[in-house]
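Reading through the structure tokens given below for one structure.
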Amino acid sequence: MLRTHEAGSLRADHAGQTVTLTGWVARRRDHGGVAFLDLRDASGVVQVVARDEILDAGGARELRNEYCIRITGDVRLRPEGNDNANIPTGAVEVDTTALEVLSEAAPLPFQIDDHLNVGEEARLKHRYLDLRRTGPANALKLRSAANRAARAVLEEHAFTEIETPTLTRSTPEGARDFLVPARLAPGSWYALPQSPQLFKQLLMVAGMERYYQLARCYRDEDFRADRQPEFTQLDIEMSFVEQDDVIALGEQIVAALWKLIGHDVPLPLPRMTYEEAMRRYGSDKPDLRFGLELVECAGFFADTTFRVFQAPYVGAVVMPGGASQPRKTLDAWQEWAKQRGARGLAYVLVGQDGELSGPVAKNLSDTERAGLAAHVGANPGDCIFFAAGAVNPSRALLGAARAEIARRTGAIDESAWSFLWVVDAPMFKSAAEDDDVSIGEGSWNAVHHAFTAPKPEVVDTFDTDPGSALSNAYDIVCNGNEIGGGSIRIHRRDVQERVFAVMGISEADAREKFGFLLDAFSFGAPPHGGIAFGWDRVVALLAGVDSIREVIAFPKSGGGYDPLTAAPAPITAQQRKEAGVDAKPETKKAAAGEPAGA
């Protein structure tokens, strides 16, 4: 090794020892022929004292920030009154006897300073410098600790870590695939997996019983805030289990993870049905750190003459103190709603005298005006926001308003942790209302994915009434973030084929895209289920950062662009030709036992 000690490891009991350290100059201060250097390595910072003659001997007179150096010297206690209680090494300094410059540093694009705000574009372009800062470096160390903690839980339960392919065939799972040309098969393409879903189910058929991996996944999605085209999930699958078994394991993992930051998660976690979450909170991932529940108002307005409220659904959410908002702010709420696809956000203001005002109030009957505040639980000085129309989009709008109200009013306890399971989600949703890529031609898409088992009580009827069928699925939510989700899987070929049929996937398409899975189900597939945690989001929550980019070593910026390497980038004409990008696939000759064209 080029060093005897790590810089951040030195303490008062090292005084009198001769050490050799390596690292980067974080700061230089000159005082009367002596340079005081803050030497930083991955373990921390220590003060190094170097006289001018030492710098001259090492050819380091021009030493400046971020030079990479090696020093040898004697550890000594700092002079009385010069201790630095803000750093672990603050009781000592190293009196340098030799200094060697290992690598010089060019002028920096930004200062390596934990207290300096640097634009994200510059940080990502020079990520190798950004990671020298304490915050970004600690985020990656926390991620590594989370990996170890999860592995420890799974190893304790005799799970086997297995890697699944990252070059496979395109089997759409709700988003677009990233495609890779196969040079040795011109005109044919691999796909990068959106998840290891099918392979982990095949591992259950193979008898592995307990599988996990920290899996890299890829989804070619349109730009969404805080999404990455490549991401990591902790992927888990188990044979011969029921929903409660998977949930219990998931809770053990969550408890181990949050223990890393000193928080004890009380187990078992509460559960809530999907229907209850949407009805009370307007979200399938409700943040329960605050109240502000939605109030159903369709019955209250059953006899209304106000046409807007003559709708299948009318709901409300109360903003405490919201009546004091100026007209400009109330108008801005309308723009906020329109950005979410709504026509607006109706409101009623409750005056300090209890009188109602606002554009909606004048359209209400005396009876409605008299009873509205009590019905929704509003007090004088509050604002009542309404949504009316189709049930699902109206609830979703109020759910978003609820979260926005909490942010604006400071109702969220930022130090709190709130976990819950959301269970019994619908199996299917209308394809017309779905933003994801449809994998079939039918009018129904899977809410989770096409391999989620129905609740046992609807196994025989889900395809005759898809809209009311519930899935044997479970999502875990933390502070309004879905951090993981899973389900009991389909393990019967006939059930899987019926699900494909509901989604409009023909027998021929099912055979072409998923034939290997259907075939596997013909050979004694065990009942199985699993869960996957969104690892980037989990670590971001643990680290207390707003963006998952902060916990990824080399993240992409908006639109999947990498400022560091300038990827994606064009390829040369020669590369295009060699890869067979424009080639047409040749029809394969059927091998023995293989169908033609397979």
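Every residue gets a Cβ built from N, Cα and C, even glycine.
Annotated in Swiss-Prot:
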- His31: site 'Important for tRNA non-discrimination' (SITE)
- Gly81: site 'Important for tRNA non-discrimination' (SITE)
- Glu173, Arg219, His448, Arg489: L-aspartate binding site (BINDING)
- 197-200: region 'Aspartate' (REGION)
- Arg219, Asp220, Glu221, Gln228, Glu482, Gly534, Trp535, Asp536, Arg537: ATP binding site (BINDING)
- 560-598: region 'Disordered' (REGION)
- 575-591: compositional bias 'Basic and acidic residues' (COMPBIAS)
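Recorded features from Swiss-Prot, shown on the structure.
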residue : record                                       : Cβ contacts under 8 Å, 6 or more apart
His31   : site 'Important for tRNA non-discrimination' : none
Gly81   : site 'Important for tRNA non-discrimination' : none
Arg219  : L-aspartate binding site                     : Ala175, Arg176, Phe178, Gln194, Pro229, Phe231
Glu221  : ATP binding site                             : Ala175, Arg176, Arg227, Pro229
His448  : L-aspartate binding site                     : Ala425, Ser471, Ala473, Gly485, Ser487
Glu482  : ATP binding site                             : Asp284, Lys285, Asp475, Ile476, Gly534, Arg537
Arg489  : L-aspartate binding site                     : Gln201, Met204, Phe451, Thr452, Ala453, His528, Gly529, Gly530
Trp535  : ATP binding site                             : Arg143, Ala146, Leu214, Phe231, Thr232, Gln233, Leu234
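Residue counts of the region 'Aspartate' (197-200) by helix, strand and coil are 4 helix, 0 strand, 0 coil (DSSP-based). Pairwise Cα distances among Arg219, Asp220, Glu221, Gln228, Glu482, Gly534, Trp535, Asp536, Arg537, which the record gives as the binders of ATP, peak at 20 Å. Secondary structure at Arg537 (ATP binding site), as computed by DSSP, is helix. The Cβ neighbour count for Arg537 (ATP binding site), using a 10 Å radius over every protein chain in view, is 20.
On the 0 to 100 pLDDT scale, the region 'Aspartate' (197-200) averages 97 in the predicted structure. In the three-state DSSP reading, His31 (site 'Important for tRNA non-discrimination') counts as strand.
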